[in-house]
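**Q** Take this structure first; my questions come after.
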């Protein structure tokens, strides 16, 4: 029993090995037949084929239709200074070649083959608006040929195309760049272009950019269908420029306003304005290095910098005038009545500036003079009747009477006492003149403070108005944009082959 069982197992193993050998042999035979069939197909297809001749039976079949599609893979860069867009695309071209048809049943059911591009006729489609002299694709990949005679060529390419940059709303700007393709040697009567599957750019393999948001990608055919233009509409991501350029510029503009809040006596007004001026010049140079030197429009950020620059220049001028007013004195300048009326009475009231009343100041000054001035109590005359102080009393009759009595007693004073009285009179006159001069200087200083406050309000309003009127005029300042959702809708539009952008409500 055991021996019999062992013999059965040996026979079963032999049969299993034979079946495996037979299957492998049949598979190798089938593979060899497929290879032989493909070789025969290649020989049959390209026997007498001329890749330099346009594949049409006769001239009546012209113009030949070449369908083109473009798949955007990567937006590498947009150089605003050079006005060049750098992209990585897959260009898809499709046409029919009657010489490359076959019956798959005659060639082991082979429905498609891949051949080198130099073996077949290729349409000389080039990028017309290239910016580096490279008109053709950079990599000559294989051509896919179907049994129906349809030829499909999908060469990848990295293009540098010219793009007119609109800098009016920089950095809150949208740009519309295009890639224009067409035949270099065939005219419109020999080749006509058409869309491959949709009149749009294919974004199915697109990798998002860290600088630009993709908004749309329509395609346009010229009226004679000799050229096709793939448009790429993009919007700049503004976070970087907002933090690095916009916010510092706005802060500098408002820092320029604080000059009028800085006391003139500190001596730092002019230093602050000059530092702000140098900062603005640095930012202007930075913007000039980023943007193209175009004269068609002034960039939004350049407008704001120019406004800040002009306000700073005016600030320097009026600060010089304020410093001149602050250090005026009655010796060099006379205070006109209208200046006193406007800057000491009207403007302080309008700007809620309070100043102690002039009479109270004079009375306190006189009281201070009486308390700290020289005394004549040791003189035989009463101190209240000494004539140098009679000017400070309110009783003019008493003053005249004291002066008469003082003149009658001048002869009775010794020379030393007379010299002392003259010295006291001289000192008193000087103190009185100093008080009057100080009062006039205080008036000029207060006028300078009033002008400072008036310009503080005026320049603050101008800065706020300029900020709102310039920066907030950009169309996309307050718009939120979801690039991922937009790309999903653009892919749906491409798959549907729609020409109407409003179907999905994107824009």
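Just so it is clear, glycine is given a Cβ too, placed from its N, Cα and C backbone atoms.
Marked as signal peptide by Swiss-Prot on the basis of sequence analysis: 1-31. Per Swiss-Prot, the feature N-linked glycosylation site maps to 28, 58, 109. Per Swiss-Prot, disulfide bond is recorded for 163-177. Annotation source Swiss-Prot lists compositional bias 'Basic and acidic residues' at 379-392.
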**Q** Going by a 10 angstroms cut-off between Cβ atoms, which of the glycosylation sites 58, 109 has the sparsest surroundings?
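**A** Result for the glycosylation sites 58, 109: minimum number of other Cβ atoms within 10 Å at 58.
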**Q** Within the chain of residue 163 (disulfide bond), which residues six or more apart in sequence place their C-beta under 8 angstroms from its C-beta?
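**A** The list for residue 163 (disulfide bond) reads 78, 83, 84, 85, 175, 177, 178, given in order along the sequence.
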**Q** Test of understanding: give the count of other CB atoms lying within 10 angstroms of the CB of residue 177 (disulfide bond).
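**A** Around the Cβ of residue 177 (disulfide bond), 21 other Cβ atoms lie within 10 Å.
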**Q** Just to verify a number: CA distance, residue 109 (N-linked glycosylation site) to residue 58 (N-linked glycosylation site), in angstrom, no decimals.
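**A** Checking the Cα atoms of residue 109 (N-linked glycosylation site) and residue 58 (N-linked glycosylation site) gives a distance of 30 Å.
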